[in-house]
Amino acid sequence: MSYFGTDGIRGKFGQMPITPEFALKLGFAAGKVLKRTSPKNKPLVVLGKDTRLSGYILESALQAGLNAAGVYVHLLGPLPTPAIAHLTRALHAHAGIVISASHNPYFDNGIKFFSSEGKKLPDSLQEEINKELEKDLFIEDTANLGKSVRVTDANGRYIEFCKSTFPYHFDLNNLKIVVDCAHGAAYSVGPSVFRELGAKVVALYNEPDGLNINENCGSTHPESLQKAVVEHGADLGIAFDGDADRVVMVDKFGSLIDGDHILYILATQAKNKPAGVVGTVMSNMALEVALEKANVGFVRAKVGDRYVLQALEENGWVTGGEPSGHILTLDKSTTGDAIIAALQVLTVMVEQNKALHELVHDFKLYPQVLVNVRLEQMLDPYSIPALVAEFNKAEEQLKGRGRILIRKSGTEPVIRVMVEGDNEQEVKTLAEHLANAVRSQAQVA
């Protein structure tokens, strides 16, 4: 069986495969594969994590397995996922490993790998690790074990890297920024980056206790940030998720600036406009229309930063992302980086001398309605001619003014019916009509 999903290995801590025993075996299996594929006799792996309590247990197990396989490990401590990607390259490591479940609650955790280039591990290497996991853990040579050391300046290295992506002749001296750290991996480095560039920073949710990561805070719960920006009279707010690979922002009036807004700013307001942008099937149609008017290319990928990255590489572009706040700027970083994405927006604000709300003044998201249709048993909506006819009819009705998206959930018997368009009432009516059509056909089936 394959333990790897689209974003590494993830699950509830204490249940397979997120257990100390499995992490030990995984470290050993990965170490064996890295030794075979490494030009060095003793390959180096950098290992970082977010702030979950279970991360410390998994870290100990992983490093023990890696050391037993003869791999040297540099322990980075709690740091954003993109920081691990950067330090994998900066420290000339053969691979990087992150222990994190991103925006999930504290009781979940995950393990994912980066290649020596700071990119997601190739599928071929993941398959080799899977095969190695089927073997017994057997230490052949006790004279050639690896060892682990803690990197004491990891935070500083990453802070300097982030600052290097912000124009050296710019500063943030006149800005007051509220930063929501989600009690996560950016709790220290996030506020530090903006302070060192001159901003007055109000840090929120920056006291992790191992259990409060993402709890009613961060990019998935920006409500308290929206309130805090107004209360503090700040110029803007920035919210990360637990591992700081997602970011959403808030203007001085408390309005939310999501991933679609950020892509709009980077694609149409920046001094150097990109040739094209990659969104996903969830990107609002308003973004597609705005980019077309600005003569900026646009393509949609499947949901997931892995697919956004793939589409960027296929098109030779550097800018892409998702409404959730996964933003990739491949000319700055190899993976989605919340701090760097925020800095790119701040760069546009400084170079144009405009407030955040002014940058999106002409950009209005189309009304969007999402209806989750729960079924007794999953069905494929596109295998039923009557439903396909309804979908086609709806698409024809919205032609040029909106769109529909019908998706099956990958984890539960739910059909997601999404409709968006330029008329809110029409969108609501159409979404409910299509949802009812799915319900009716499910009863017939």
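Backbone N, Cα and C atoms are what each Cβ position is placed from, and that goes for glycine too.
These numbers come from a predicted model, not from an experiment.
For the Mg(2+) site, Swiss-Prot records Asp241, Asp243, Asp245, and the single candidate of Ser102, Ser115, Ser383 listed with them is Ser102.
Counting in whole angstrom, Asp245 (Mg(2+) binding site) lies 8 from Ser102 (active site, phosphoserine intermediate) by their C-alpha atoms. Taking a C-beta cut-off of under 8 Å and a sequence gap of six or more, Asp241 (Mg(2+) binding site) has these contacts in its own chain: Ser102, His103, Ala182, Gly184, Asn214, Gly218, Ser219, Thr220, Val247, Gly325, Ala338.
Long-range Cβ contacts of Asp243 (Mg(2+) binding site) within its own chain (separation 6+, distance under 8 Å): Asp50, Pro80, Thr81, Val98, Ser100, Ser102, His103, Gly184, Ala185. Just so you know, of the recorded positions Ser102, Asp245, the Cβ with the fewest other Cβ atoms around it within 10 Å is the one at Ser102.
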